[in-house]
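To keep things clear, I will list the structure first and then write my remarks on it.
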């Protein structure tokens, strides 16, 4: 196909998707420099999609501790560094050492990219955070197509990492490259922090932020993160808070070896029965956490916050259907959003040591470990929650008069994060969204945990904003992860418009 015809076809497809999905159009046509920027992005969208295809082809899985995959991660970071250097950025690949594994192995941690473009003291300096590692993905796990071959179907770009987080990282780079290609001065100074271990706990990142507080980050005015999703398929969003997370393990042990149920069943306290009773005491069928005191220190709900939930574009029926859930615990939009974002929740994740293979096996596990977590909200205190959980499980276990041993440990404690939505960059982002999408954004929170937001806010003490690009049905971490071509291309425009709005406000 002729490349010009191809670009026209892609632009037409994006426009038709916009109409079909009930998307918004700009409130007024862009003019001047912004018009040139938008036209360039539209005309070069196939090139931007091709680059995303090349990045998705790199199996940058950080979760599985395998040398082959670490080499892929190193290759991914190298590709990104080269891309930034080609834009004229000064790039440092910061060596972060090795990861020590429980079996004695050590694997290289991929370097963290610190890059910068521009140092004009008259301009604001905006720092973008993103990650290029992904969750494991194999076609035999249920993917319709090869997860590492970008596949476009009806304007949807399927592949591992498309929305989490390679697509948003590239959208930011696309915006920068557009100004460069048009030989236009960047409206802001730009810095990049790009890592390759986010899905495995962001190893070494917090230490680097602390170390570079007075160096790389000293001139940063604003930090932007684009690593979450809209709450809608149609309406863009700004994220102004996330929940924290406390992850617990409760072990019940009789002995290290399993038992035969015909030989020992009925004459001992079975660890699995104890553990099921313990896990069953944590939350009731309505989703309410049963641990005494857990709700005592929540931030009060304000009238302004209530109005925020009322204004959000969320079709409960559509959300339920897209989630493939028969019924939610709550019947109204406001109740659902509050329990998803601003109230704590407890989820039981699994049992280690139990028989779980197909078939029948008459075994009594001698030692089992239950795993659960509590999503935390302001103003919950992690150490207080840890104490409350341990006291509750100690009490429940003591009532069973079991001869087994029980141990409770908290393996992860991450704080919730809340932004100041009156900061300049939230105002700039709202204006940019209005320019690109022709509507006001939903002001949302995220029920999950993005630790880097709290790390940046607490260490650098500068404004942190989350500006998502992906739609609610993007399926991050799932076997059908995708980003819509429309979101990816309009997201590139959004970042470019954001640069210009930031320059006006500074």
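Easy rule for this one: first residue shown is 1, then count along the chain.
Heads up, the Cβ atoms here are built off N, Cα and C, so glycines get one too.
Feature list (source: TrEMBL):
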- 1-24: signal peptide (SIGNAL)
- 131, 164, 227: Mn(2+) 2 binding site (BINDING)
- 133: active site (ACT_SITE)
- 164, 199, 477: Mn(2+) 1 binding site (BINDING)
- 198: active site, proton acceptor (ACT_SITE)
- 249-396: domain 'Peptidase M20 dimerisation' (DOMAIN)
- 260: site 'Important for catalytic activity' (SITE)
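Counting every protein chain shown, 26 other Cβ atoms lie within 10 Å of the Cβ of residue 131 (Mn(2+) 2 binding site). On the backbone, the CA of residue 227 (Mn(2+) 2 binding site) and the CA of residue 260 (site 'Important for catalytic activity') stand 48 Å apart.
Annotation: 198 are the recorded positions among 198, 260, 477 whose CA atoms are within 10 angstroms of the CA of residue 131 (Mn(2+) 2 binding site).
When the Cα atoms are compared, residue 260 (site 'Important for catalytic activity') and residue 477 (Mn(2+) 1 binding site) turn out to be 38 Å apart.
Other C-beta atoms found within 10 angstroms of the C-beta of residue 260 (site 'Important for catalytic activity') number 10, with every protein chain shown included. Cα of residue 164 (Mn(2+) 2 binding site) to Cα of the residue listed as 'active site, proton acceptor': a span of 10 Å. Separation of the C-alpha atoms of the residue listed as 'active site' and residue 199 (Mn(2+) 1 binding site): 7 Å, rounded to the nearest whole number. Counting Cβ atoms from all protein chains shown, the residue listed as 'active site' has 25 others lying within 10 Å of its own Cβ. A gap of 13 Å separates the Cα atoms of residue 198 (active site, proton acceptor) and residue 477 (Mn(2+) 1 binding site).
Its Cβ taken as reference, residue 227 (Mn(2+) 2 binding site) is surrounded by 25 other Cβ atoms within 10 Å in the chains shown.
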